[in-house]
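Participant: Here it is: the structure, laid out below.
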């Protein structure tokens, strides 16, 4: 095989091009030198059949030129110059045209617009039919595709504006949703703020109440210190007097023994009269000593409580005659189930109604509520006659004066207030209780009020001297109710310690204790005859007690919801109970028939029959007063 040898290259001059020094020919060497030309030499070594290398002879360049072709040199030079000019002009023109060029958009054809519209609207069958008809018409020459026309620019501009409006509308919807979400978050945060603000205010109010109570308690305790010192001094002096009296008694006893001995001796000697006179004198002295000791003990016991001190303005307790003018006014069937219907429903307060009272002679009722107010209503019309405020906390109890021109209320602010309707204001406030007061009740004579408090006491208030006449201590926990037996000085109380107690208001001593409830007692009340007591507790158990035997004669279980209040019908055969399950339990004691009455929408707090047995009222946490007739 022939192999390629390296070749030497050099610039080609006039001689290499086969140009001769001819005077008639003029060559522009400068222009020719600008274009390089190369002549390539190749050395090929060939091997013959015998294996020897074959030598090629070099052929001179001049032999390729013919003298006959020398007249074409001028044309060759012109061609070279033209090629050079073209190579310089073409790039300049191209760059200039590119720099001056602009992108133009060809308008959309009508048929393309129709196709795009059908595709966008999802009309596939119409699209296929259009394609077939268009192809047939264009192939037959009846329609020329280049003459179908173009859509005006305004149509495309309108489409662009529509698309832009759609995008803007979607942005507006997104912003609207964000605004709605932000508004909901704002409302939620505002509610949370109001809730926390209310909670903070409640905590601050409770804190202020506790601070006020602690200050009041400290001031109250400070008043006891001098009294305790005085009592201690009196006690020490009484103990010393007691020891002296004991020594005196022993001395007199020894004298008496000696006198007896001398009497027996003198009897034997005949001097009996003088001895008996001496013995009589010694007995009188001993009785005087005993009376002195008794008076000292009474003074010591009386000094233990200021309420036992006498006052010129104190009221006298009426005598218990046992006569009740309301007895024997009702027949056995004075109240029927068929006549017990809901006559009126009143939205009376802004908070739960805790208690109510009925006027002793008129068709008027008073309600008290947790909203710290009381209101007077006409029965059964439901018109509000009067309202008032004055307590610093929820009002828990109310009762009419027997005359009907006054009333008493108690509250969680530890006070008992006396209101006069003629003066339209609170005329006095009793403040001796240390904790919230749950119940108030007037004596039938109108001169006394009894109250039950969370401080474990029952207090007796005198309306003439306007002071606490008696403090009855005996319950071991909060006392929820205290009520007088009509035309009597007996008080019945119920307590969280699961007991019911009878008290003598004149002495402040507990007469009987009724134990049988397994849970805290909410209320206890007498029937009109005073021979039975009904009590209820927090688990719905109602008991009827025989006052004389101090035993439970009837036990009713209305649980598991709390029984909040009980009331006897004046005839004595019906017992109604306010229950925490939103119903009123009407129980016939003689027939043992139980009739539930459903009307309240929340827990029933209080029930009460009027003294004539014509109607019943009920109140509850649903803020309503309901009248049953």
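Quick reminder: no glycine exception, Cβ is built from N, Cα and C everywhere.
A TrEMBL annotation is a machine prediction, not a hand-curated record.
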Participant: Quick one: which of 237-264, 265-292, 293-320 does TrEMBL have down as region 'Disordered'?
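Facilitator: So the range that TrEMBL calls region 'Disordered' is 293-320.
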Participant: Looking at 123-157, 158-192, 193-227, 333-367, which one is coiled coil according to TrEMBL?
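Facilitator: When 123-157, 158-192, 193-227, 333-367 are checked in TrEMBL, coiled coil belongs to 158-192.
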Participant: Take the repeat 'WD' (388-429) and find every residue of the same chain, 6 or more past its ends, with a Cβ under 8 Å from one of its Cβ atoms.
Facilitator: 209, 213, 351, 354-362, 366-374, 435-446, 449, 451, 453, 461, 463, 466
Participant: Any residues 6+ beyond the ends of the repeat 'WD' (514-555) with a Cβ under 8 Å from its own?
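Facilitator: The answer is 324, 326-327, 439, 477, 480-481, 483, 485-486, 488, 490, 492-502, 561-568, 570, 572, 575, 577, 579-580, 585, 587, 589.
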Participant: By Cβ distance under 8 Å, which residues at least 6 away from the ends of the repeat 'WD' (346-387) in the same chain are close to it?
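Facilitator: For the repeat 'WD' (346-387), the nonlocal Cβ contacts are 393-400, 402-404, 407, 409, 411, 421, 424, 439, 602, 605-606, 608, 610-611, 615, 617, 619-627, 629.
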